[in-house]
Amino acid sequence: MGIQSSTMKLPLIHEISDYWHLLKPKIMYLVVLTGVTGIIIAPGNIHPLIAVISTLCIALGSGAAGAINMWYDSDIDALMTRTKTRPIPAGKISRSSALEVGLVLSFISVTIMMIAVNYISGILLAISIGFYIYVYTMYLKRRTPQNIVIGGAAGALPPIIGWTSVTGSISIESLVLFLIIFMWTPPHFWALSLLNYHEYEKAKIPMLPVTHGIFTTKIHILVYSILLFPITLLPGLFLKDPVLYEITAIPLGLMFVVQAFQVFKSSISYHYRVMFTYSIIYLFILFTCIMLSSF
């Protein structure tokens, strides 16, 4: 009896895992981190329950966008080694089910955010989801190498959403956090595109290395990384502990530029991978430090 029970549970566990991966959890983690940062550093008070609700809505909104993105991109995901094991191309979840999950989570997250938190946060969450789906996924991704640059605005909105959850308004401080993520996104994804250049080419996705070549992509990575550095110093102007922040942000940012320079002068994929991995660690540490420096 016990063996039968365990056997019956396994398919359910696998199904839950498949739907979880449909929501792009790795992206969700960073989205939640940046959203929570906005909540924590915003002036004023917020009830802990409202803060939790806002965070959950941001997470659900991110997952909703991820699910609909996988629904729309299932054809090209099936062509690339990096993405062909995703739930839809792997045959674990149907396209219709993925779309239903995405639409339901979009509605739930935006509605709850509007009712339980405030209208502006709900509207911004809806804009973030809509921009990622309609502007980036459905329009830009398959048409222009600037897909990541423009589309990055969707992923840069969570700290503003977190901020408005507390204050009910957008401020310069929240826009600085937006700008950091906006400038971080291109070099992060261009490093990934260098690693998967041939796969993007096979899937006919006009990533920068495919349309303009590897050398041009390296120049763009270096330029954006250099421009990102002074922008990341701006939070020191409004955080309560600017010294703690700057002594962390400066070496972090310099290392980011160093990694970008390594990518520029190297043709070894190892450096592309290091840049991609470091960029994730970089954003995690930077926003954690922003939160800690606000106390």
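Positions of Cβ are set from backbone N, Cα and C atoms, glycine also.
Since the structure is predicted, the reported quantities are computational estimates derived from the model, not experimental observations.
Listed in Swiss-Prot:
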- 30-50: transmembrane segment (TRANSMEM)
- 51-71: transmembrane segment (TRANSMEM)
- 93-115: transmembrane segment (TRANSMEM)
- 119-136: transmembrane segment (TRANSMEM)
- 148-168: transmembrane segment (TRANSMEM)
- 175-195: transmembrane segment (TRANSMEM)
- 219-239: transmembrane segment (TRANSMEM)
- 244-264: transmembrane segment (TRANSMEM)
- 275-295: transmembrane segment (TRANSMEM)
Would the transmembrane segment (175-195) and the transmembrane segment (275-295) count as touching if the test is at least 3 Cβ pairs under 8 Å, pairs 6 or more apart?
-> yes
So, does the transmembrane segment (244-264) come close enough to the transmembrane segment (30-50) to give 3+ Cβ pairs below 8 Å, pairs being at least 6 apart in sequence?
-> no
Please indicate, using numbers and ranges, the residues of the same chain that are 6 or more beyond the transmembrane segment (148-168) and have a C-beta under 8 Å from a C-beta there.
-> 27, 31-32, 34-46, 50-51, 54-55, 58, 62, 65, 113, 117-118, 120-121, 124-125, 127-129, 131-132, 135-137, 140-141, 174-175, 177-182, 185-186, 189-190, 207-208, 287
